[in-house]
Amino acid sequence: MASPAIPQFNGTLGKIYDWVDERAGISEIMHELLDEPIPGGTKYAYAFGSALLFIFALQSITGVFLAMYYVPSAEDAHKSVEYIMKEVPFGAFMRGMHHYGSSAMVIMVVLHILQIVIWGAYKQKRELLWLVGAGLFQLVLAFSLSGYLLPWDMKAYYGTVVTVGIASEVPIFGDMIKRIIIGGTEMGTITISRFFMVHVFLLPALTAGGIAAHLYLFRKAQPAGPFNMTEQEAMFKVEPFWPGQVFKDAVFSLVVFAILAYLSFATLAPLEPKADPSQTQYVARPEWYFLFLFQLLKYFPGSTAIIGSLIIPGIVMAIITFLPFLDRNPERHPLKRPFVMLGTLALLVAIGALHLLAKQDDNQNFAAQLKAQEEEGARFLKEPFEPKDTSQKSLAVAPPPEAFVKNCAVCHGENGAGGPAGPKLVGIAKKPGRSKEEIAGLIENPSAYDASKMPPMPQVSAAERAAIAEWIHTLK
Amino acid sequence: MSDLSEVDKTKRLFMGLGSIVIGAGIGGALAYPIFQFAVGNALKTADDGDSKDWIDLGSASEFEEGKPTAKKITIEIRDGWVKSSSDETIWVVKKGNEFLTFTATCPHLGCKVNWVPERSEYFCPCHNSAFEVTGEKKPGAASARGLDTLEYRVSDGKLQVVFQKFKNLLPTKEVFS
């Protein structure tokens with residue numbers, strides 16, 4: 001059959017096409033891919049699956065290129081991400097696309113599932129198609145959890161501490177699972193390396209295989225078509241996949257792309273200062289689409305915690321996964337399937353309510369700290385990039401004078417790297433108004449040197465002040 | 001399907017071309033940032049200003065007349081997000097009051113040359129380029145030019161050089177970085 005999707009070429013171009021086609025079978029593949037009949041006609045409602053594929057491709061491309069600069073180690077991960085954000089041309093854009101793309105992926109997968117549920121499109125021998133889809137849904141969530149750690153900033157570190165803590169609630173094997181996930185007892189380079197391998201090798205491979213199976217099973221089962229038409233009616237209004245549905249998919253994907261590109265240019269993807277396990281004031285929050293799960297944990301104190309963290313989400317996930325086996329009624333019209341529709345609605349309302357409760361709780365109890373964290377992150381992103389100094393010059397820095405250790409290290413850190421209460425002193429010698437004499441003067445009378453937050457240090461002698469200033473000037 | 005009306009044909013053509021244009025547009029809009037991102041800072045040259053970075057090779061009086069001596073220097077390099085140190089070897093030959101200071105990098109394809117006393121030549125093991133003690137290339141050398149000299153001075157009795165890298169293959173010395 002002559003396919004309307006297959007281009008017709010004349011002359012030399014036609015000869016080249018025919019030559020390739022005889023050997024590669026392009027026409028056959030194009031016919032298979034593009035002439036798929038869609039019962040009831042093409043619709044924007046069917047664009048979510050294609051959009052998911054599109055975002056997955058975007059995530060793959062931006063991810064591959066981000067890996068050109070990213071280094072998975074506790075020592076370098078954060079610095080390399082900071083380098084991407086501040087020094088690499090279009091680095092902030094590329095990371096932005098990947099960051100916002102992950103949210104788009106979750107939103108789209110939920111829309112895709114909702115569309116299938118409302119249309120009853122998991123029925124009529126589509127159990128395998130749905131099962132593979134449920135697996136892909138879980139892979140998307142695994143992508144999110146494993147990618148969250150990689151920048152190794154404050155939120156990455158504490159977010160993962162909580163996730164790993166939840167995994168350790170599994171009875172009997174919990175501690176073993178936790179140790180295997182983080183690769184020991186401390187989160188560090190081995191943990192990052194594991195998450196990196198899972199995020200960039202394992203999950204993409206599984207997902208690619210899953211997508212192939214999902215598409216194959218979809219073509220095998222054929223599109224379900226509208227829920228409000230009989231099969232005969234739908235076959236009467238059939239339209240091919242190309243070009244009608246492809247066009248609608250392309251328009252929808254373009255809208256998604258435009259939104260992601262706008263966000264990536266307009267708003268920097270967040271990056272906070274490097275993970276600091278000693279920081280006690282930090283309020284850890286998961287990515288916004290996991291906030292409802294986080295809220296659920298609050299209702300199950302102590303030994304009941306596992307109910308909120310594993311049992312309830314596990315049961316819900318199991319119901320979603322096995323939906324085609326639980327709902328065996330062939331009826332597809334949503335209004336004639338009150339049980340599934342109300343269940344879906346109840347789940348959405350519960351998720352929405354938990355999300356709002358989490359927001360409300362944060363606004364009431366943690367607003368100041370969360371705002372401070374956000375400002376700290378924004379300030380960090382504006383700071384000029386300072387390379388990590390491992391040159392012999394930097395290694396040759398003398399140990400701090402005793403007076404510094406006694407009086408200054410509490411706030412400014414033992415090596416002047418900065419701490420919770422004092423700014424870092426490394427590199428401060430380059431700033432105006434911070435000559436050796438001025439630093440010595442500042443220690444005696446901070447407010448005279450624009451450092452009114454620092455308490456005066458009358459106990460430090462003039463000789464000690466000079467020694468401290470001398471040492472601070474060696475910090476680079 | 002085979003009896004498409006003219007309106008349907010136009011519609012199909014519009015949607016088909018539209019899909020291709022959108023696909024190409026998204027691809028193009030991504031290609032430019034990705035290309036820039038991948039090139040990264042590879043074409044940027046470090047901004048050292050005008051000041052020359054003089055590196056000590058030790059006391060000028062300790063070199064033996066006419067005998068090539070290897071001196072290790074440590075230079076600071078910027079490697080992506082890391083500032084670190086790297087070691088390089090300089091060949092020094094004393095000629096009366098003057099010095100010859102060569103980088104050990106072969107101007108052919110960048111391997112390192114070693115001094116072979118038995119044959120009285122600097123020798124590059126990669127493509128058999130041999131150089132005289134004065135740095136000129138010997139006949140049959142793969143290199144198009146002799147060893148590259150570095151600018152030097154004697155300051156407070158100390159021999160100092162400015163370390164530079166030069167472009168490969170060319171018959172004349174040109175600064176690479």
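Glycine is no exception: its Cβ is also placed from the backbone N, Cα and C atoms.
Caution: TrEMBL annotation is automatic and unverified by curators.
These features come from TrEMBL:
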- A:16-227: domain 'Cytochrome b/b6 N-terminal region profile' (DOMAIN)
- A:231-360: domain 'Cytochrome b/b6 C-terminal region profile' (DOMAIN)
- A:395-476: domain 'Cytochrome c' (DOMAIN)
- A:44-71: transmembrane segment (TRANSMEM)
- A:100-121: transmembrane segment (TRANSMEM)
- A:128-150: transmembrane segment (TRANSMEM)
- A:195-217: transmembrane segment (TRANSMEM)
- A:250-271: transmembrane segment (TRANSMEM)
- A:306-326: transmembrane segment (TRANSMEM)
- A:338-358: transmembrane segment (TRANSMEM)
Feature contact check the transmembrane segment (A:195-217) with the transmembrane segment (A:100-121), CB under 8 Å, 3 or more pairs: no
Chain residues outside the transmembrane segment (A:44-71) and at least six past its termini with a C-beta under 8 angstroms from it: 38, 77, 80-81, 83-84, 88, 91, 94-95, 97-98, 101-102, 104-105, 108-109, 111-112, 115, 119, 143, 150, 196, 200, 204, 207, 211, 218, 223, 245, 248-249, 251-253, 256-257, 260
Tertiary contacts of the transmembrane segment (A:250-271) (same chain, 6+ residues out, Cβ under 8 Å): 44, 47-48, 50-51, 54-55, 58, 81-82, 85, 92-101, 104, 108, 151, 153, 155, 377, 380-381
The domain 'Cytochrome b/b6 C-terminal region profile' (A:231-360), counted residue by residue under DSSP: helix, strand, coil: 92 helix, 3 strand, 35 coil
For the transmembrane segment (A:195-217), distant same-chain residues with Cβ under 8 A (at least six beyond the ends): 53, 56, 60, 63, 67, 70, 72, 126, 128-129, 132-133, 135-136, 139, 142-143, 146-147, 149-150, 160
Predicted model, mean pLDDT over the domain 'Cytochrome c' (A:395-476): 82
